[in-house]
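First the structure, in the form of structure tokens, and then the observations on it.
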Amino acid sequence: MGEIGGEELVLDVDETIFVAVAEDVERSKTTVLWAARNFSGKKICLLYVHRTARAASWTHKKLVGGSFKKHDVKVIERVEKPKVDELMNSYLQLLSETEIQTDKLCIAGQNIEECIVELIARHKIKWLVMGAASDKHYSWKMTDLKSKKAIFVCKKAPDSCHIWFLCKGYLIFTRASNDDSNNRQTMPPLVQLDSDNETRKSEKLESSYMRRRLRYWRSLLEQDGEKDTGQLEREKVEPRAPPLFSSGSSSSFGEPVGPEPVSPELVDSDTLNTSNVEEKEREGDVARKVHRYDKAMHDIGQSDRTVYGEAGKKWEEDASTTEALCKAKALEGLCIKESSQRKRLEELLEKEKLEVKMVIEQNNGFMKELQMVQGRNLKLESQMRKLQDLEKEHGEKFDTAMELLKSFRQKRDEIRIDHENAVKEVNALRRLVKGETGESSGSEMLDYSFMEINEATNEFDPSWKLGEGKYGSVYKGNLQHLQVAVKMLPSYGSLNHFEFERRVEILSRVRHPNLVTLMGACPESRSLIYQYIPNGSLEDCFSSENNVPALSWESRIRIASEICSALLFLHSNIPCIIHGNLKPSKILLDSNLVTKINDYGISQLIPIDGLDKSDPHVDPHYFVSREMTLESDIYAFGIILLQLLTRRPVSGILRDVKCALENDNISAVLDNSAGDWPVARGKKLANVAIRCCKKNPMNRPDLAVVLRFIDRMKAPEVPSSETSSYANQNVPRRPPSHYLCPIFQEVMKDPLIAADGFTYEAEAIREWLANGHDTSPMTNLKMEDCNLIPNHALHLAIQDWQNQW
């Protein structure tokens, strides 16, 4: 065992509490803090045994005058001492906040417990605090020592040392010293007992006497060692007690001594080879003196144990008494605590009893309610069985009624067919009897059954669907060997059967070349049957996504004229018909690019509300008045006319055209794909469109005036000097194509609409029918009837056109 330091440490063991610490700070942290709390008036010295691999090779016998070369000692110190200093600084930092005087005693050795025992004996340590076991072994029942080191120190340490053994910061065991009764004055507060003054004086005298004897023998040994500074270490050294050295008194290791032989690795081979007989004799003298010193120290220890033996027994008795009193107080405290807990548990028990009583009462109430619910459940089950029987009975009746309904429908369809055939026969007989040739004032509309509609649309095959919107879905169909378009109206806001048939009858009488012909209806399914137009809509021509050839500017002006003519015809009808939802998708084009307006009069069959405010085709005044008027159709026509001129997105078209007109640069917005627009005509048409889109409906022009103006735009261009007004009476011009009779190719004087939807001169179509023709002069298809309807709107338009010239 060797001390880390070169000089011997002088300690005041009466005022110092020694605390044995481990290499791991966390393991000894609670022990150090416990000592700091309980011995605040004492000085604390940290006792640390540094276990190193070379400790076994160090000798436990002090070599006089430098047994190692100074170079070897410094080499060992440089390797081990920094580690020890770093560890001690960690412990001192832990105690720095307690304001307790601290010191450290560090030694190097192989066996930690033996080194601690030797330190106690060498320094006469009176008060020692050390661990009883690792923290993981702690329990509140723990009263015995678990650590082998603690057990060894408890058994082998001198009886003069009072030792406290702790675990996890709790005092586990106390080993009293045999001289506690003689050291009551210097005892720390934790173990101090009453003692008389004689005992304290005796303790001080004995302690000072032992210290003087120890210093005397050490001085003799050092004097002899100074004379033999050249002495070498022998191969075998006699065992002796290890010297103790202060950790901070020197910058080098102290001379290592101990019961184990010195390792040959630490002995300079050159020094051993130069040894001689004289040096061995002097070394023998020194060894004999050391042996005498050790024997004297042993005698001193024996005398100490004899002197303090009786005092130790008395102190043990006093300690036992004190411990018994402490246990009694602890038991008294436990009894009081147990009594309070018992009282609290009794209160909790009473509370639980009340709660159990309440739960039992609630349970009884629930049981009564359960019995009532079960009784009601039985009644409900019986009622449910009765309802199930009624449901079964009604189901059978319903099935029977459905079969009857199916048979009635079949009979109705048969009767309807018979009725239609009978009506045709009656009409034919009347014409034969009265000599009529188709001058009937009206036409009969055909009603179709739902079964016929279902069969015509292939049971509403999704692949046959042409489109779907807010106001119904449109399917393609084959009805009586003709291609038709079936529009299924929505069910909400539907009229009653009679009113629906009446209004459809009115729409069926409306015939115009630029209107899609309404061929029939199915009141049962609220569906309308129109003629099928296969060439798409005007919206397809405006869209850049479809590969549709662009319309020429001549075709666009003609289409605008046809739209205006059809609207004027609807507005002139009796009763007046408002389209209400005019937009490019509602304007169809046939194979000859002839305009066919669809969905006219839908607002009379279903309520049109909730129109989208973002739709530019909707009249802004509608959102104020919530009413569709003739001016609403004029506004929509103005927007469509602007689209025909520019083919621009409808969202900002009105603003763009106004800006171009203000800057006198209408050619910047005209659609170049239509060809070379006549700039003057384009500007005039744009002005007409802007007038149609006036915010105030009262400022919008009449459609008859607009139609006359657009028709004039279809004529060859005239010089600007001659176009100061709507017409120049002296300039010859060609009449619009729809003013000409398809048969005579002359301007019609009395236009009549035939069953094929075309308008003819009255004389021409009557002569055609009188010659026995039952097919259309235009399509060569068989006409449904020979009824003719006057086209008043077209007649008025022709008269206005003729009046201009």
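Glycine residues also receive a Cβ, built from the backbone N, Cα and C atoms like all the rest.
The annotation region 'Disordered' is assigned in Swiss-Prot to 181-205, 226-284. Among the features that Swiss-Prot reports, compositional bias 'Low complexity' is placed at 245-257. According to Swiss-Prot, the feature coiled coil maps to 331-434. Feature annotation from Swiss-Prot assigns domain 'Protein kinase' to 460-718. Annotation comment: Swiss-Prot describes Leu466, Gly467, Glu468, Gly469, Lys470, Tyr471, Gly472, Ser473, Val474, Lys487 as ATP binding site, evidence class sequence analysis.
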Recorded ATP site residues Leu466, Gly467, Glu468, Gly469, Lys470, Tyr471, Gly472, Ser473, Val474, Lys487, farthest C-alpha pair in Å: 14
Chain-internal residues near Leu466 (ATP binding site), provided their CB is under 8 angstroms and they sit 6+ positions away: Val474, Tyr475, Lys476, Ala485
PLDDT averaged over every residue in the coiled coil (331-434): 87
Lys470 (ATP binding site) - helix vs strand vs coil (DSSP): coil
Listed in sequence order, residues with CB under 8 A of Gly472 (ATP binding site) and six or more positions away: Lys487, Met488, Leu489, Pro490
Packing count at Val474 (ATP binding site) (other Cβ atoms within 10 Å of its Cβ): 20
Chain-mates of Leu466, Gly467, Glu468, Gly469, Lys470, Tyr471, Gly472, Ser473, Val474, Lys487 with C-beta within 8 Å of site centroid, ATP: Met488
CB contacts for Lys470 (ATP binding site) [other CB atoms within 10 A, all chains]: 11
Chain-internal residues, separated by at least six, CB under 8 A from Glu468 (ATP binding site): Val474
